[in-house]
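See structure below.
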Amino acid sequence: KKGVTLREDDRTFPCSSGLCACLPLDSYSYICLSPSSSTANCENDECISEDDW
């Protein structure tokens, strides 16, 4: 994407600052986890931080 800031993106980060977004394997909606939580149930075993969103 060119010239698009994070804030103008079509997908707003769904979690509070300091949390990360996990897409559960059995769900289509993100849940918010603390960065220290297990990501075993998340797609690709990852929890996406606001910086990485």
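Our numbering is plain: 1 for the first residue shown, then up by one each step along the chain.
In case you wondered, yes, glycine gets a Cβ from its N, Cα and C as well.
Per Swiss-Prot, disulfide bond is recorded for CYS15-CYS32 (among others). The secondary structure of CYS15 (disulfide bond), as reduced to three states from DSSP, is coil rather than helix or strand. In sequence order, ALA21, TYR30, CYS32, GLU50 are the residues near CYS15 (disulfide bond), counting only same-chain partners six or more apart with C-beta under 8 A.
Taking the Cβ of CYS20 (disulfide bond) as reference, residues of its chain lying under 8 Å away and at least six apart in sequence are, in sequence order, CYS32, LEU33, SER34, PRO35, CYS47, ILE48, SER49, GLU50. Per Swiss-Prot, disulfide bond is recorded for CYS20-CYS42 (among others).
Other Cβ atoms within 10 Å of the Cβ of CYS47 (disulfide bond) number 24 in total over all chains. Annotated disulfide bond per Swiss-Prot: CYS22-CYS47 (among others), in sequence order.
Here the C-alpha separation of CYS42 (disulfide bond) and CYS22 (disulfide bond) works out to 5 Å.
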